[in-house]
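Working notes for the structure below.
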Amino acid sequence: MRECISIHVGQAGVQIGNACWELYCLEHGIQPDGQMPSDKTIGGGDDSFNTFFSETGAGKHVPRAVFVDLEPTVVDEVRTGTYRQLFHPEQLITGKEDAASNYARGHYTIGKEIVDLVLDRIRKLADLCTGLQGFLIFHSFGGGTGSGFASLLMERLSVDYSKKSKLEFAIYPAPQVSTAVVEPYNSILTTHTTLEHSDCAFMVDNEAIYDICRRNLDIERPTYTNLNRLIGQIVSSITASLRFDGALNVDLTEFQTNLVPYPRIHFPLATYAPVISAEKAYHEQLSVAEITNACFEPANQMVKCDPRHGKYMACCMLYRGDVVPKDVNAAIATIKTKRTIQFVDWCPTGFKVGINYQPPTVVPGGDLAKVQRAVCMLSNTTAIAEAWARLVHKFDLMYAKWAFVHWYVGEGMEEGEFSEAREDLAALEKDCEEVGVDSVEAEAEEGEAY
């Protein structure tokens, strides 16, 4: 088996975890108490969903997941919620005091006390796997636990499981909607620390998701539940190929192979289509061509940046539902003829396709319509540099005035770490830009073409 262990860190990670596991259970027909009436093999079995769930002798399915937060309130909601019987109590780990939006508290002072316990739990989960494939780590960039503790944990995982892939789902601080003043500090420190430990990081920007909820689902004031359910759909699309049998299946390591041209440039954009409310879906025919086109609309992206200003390095299309390869090839051929979508000249083919026959499931009473087919596009584009540039700019504004720095230094950080992290991100931004520059011959030709 190729098992995956999900690690949900901090409030954002835990709440997205709730949305994801709720959806996985619906998709696989697993009840909130872990029983699965459709599953005939008791204990183990080689079903695809066993990559995400382990089975006990009593036929109960337990998620291969750990929920960690440095303060108890958010995880307590899982302990008392609908799915409380699904998780083993030891999978829900909480500390006593929170990281107070402070990277240094999550990474140095408070995180240190709990990290060995967490690694011990992860070790127990890993022991239940026959062929552990890797880790999926869910966290936010802006929070103290999400930034500090997640990066500490990833450093330690690199030591203990050096050969296993680590994929992140990270909540990028939204340009407008800010939950903490020090988000730029936390984001830049955590990106710097995890850059060499993460193999692939899917970023999700709250503001982009807000806009999608407002525009496509007509929700005037989206709540975190609305946002998380949409993020859950995306995570589910990305992991569907690991949990179901499909025609063209995509493995965790295959993502990396196809999406990451250089080790540092491992931040693909996710785009999901169709995001549509039930009353609209009733009147629309969402063909493969239409949903494929929708993926190239900047409005449907999960991070605010404009791919039309950058170039695509690689592109993964993950279809699910009633989709046949013939339609996909036609849709992609059409996309390639469009001038607006530019690929870097050293990567001419650039499309990888996965098809999964399991149609998308929706949470009953949720906002999304039940559709026959959906697609999730993961694209590595140089436009992501815009997102880093925004962060670095905000970081500079505060750091120039040395604002809030004492909170970090007081928790045992050194001032040098700030400038070091800032340099690293500036370099990352530069890397993205350089990759997009054409080879010399191409530049001469372009001059003539215009």
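A Cβ is built for glycine as well, from the same backbone N, Cα and C atoms used for every other residue.
Annotation comment: Swiss-Prot describes 1-4 as motif 'MREC motif'.
Residue environment of Gln11 (GTP binding site) contains 24 other Cβ atoms, counted within 10 Å of its Cβ in all protein chains. Taken from Swiss-Prot, the feature GTP binding site covers Gln11, Glu71, Ser140, Gly144, Thr145, Thr179, Asn206, Asn228.
The N6-acetyllysine annotation in Swiss-Prot covers Lys40 and is backed by experimental evidence.
Taking Cβ-Cβ distances under 8 Å and a sequence separation of 6 or more, the neighbours of Glu71 (GTP binding site) in its chain are Thr94, Gly95, Lys96, Glu97, Asp98, Ala99, Thr145. DSSP classifies Glu71 (GTP binding site) as coil under the three-state reduction. Residues or ranges marked as Mg(2+) binding site in Swiss-Prot (evidence: similarity to another entry): Glu71.
Residues or ranges marked as active site in Swiss-Prot: Glu254. Using a 10 Å Cβ-Cβ cutoff, Glu254 (active site) registers 14 neighbours.
The 3'-nitrotyrosine annotation in Swiss-Prot covers Tyr282 (among others) and rests on similarity to another entry. The Cβ of Tyr282 (3'-nitrotyrosine) has Ala369 as same-chain neighbours under 8 Å, each 6 or more residues away in sequence.
The site 'Involved in polymerization' annotation in Swiss-Prot covers Tyr450 and rests on similarity to another entry.
The 3'-nitrotyrosine annotation in Swiss-Prot covers Tyr450 (among others) and rests on similarity to another entry.
Neighbour count (other Cβ atoms within 10 Å of the Cβ, all protein chains): 29 for Gly144 (GTP binding site). It is 25 Å from the Cα atom of Ser140 (GTP binding site) to that of Glu254 (active site). In the three-state DSSP scheme, Ser140 (GTP binding site) is classed as strand. Of all residue pairs in the GTP-binding list (Gln11, Glu71, Ser140, Gly144, Thr145, Thr179, Asn206, Asn228), the one with the greatest Cα separation is 22 Å apart. It is Ser140 that, of the binding-site residues Ser140, Asn228, has its Cβ surrounded by the most other Cβ atoms within 10 Å. The two recorded residues Gly144 (GTP binding site) and Glu254 (active site) have their Cα atoms spaced 32 Å from each other.
Around Asn206 (GTP binding site), taking its Cβ as the centre, 25 other Cβ atoms fall within 10 Å, counting all chains.
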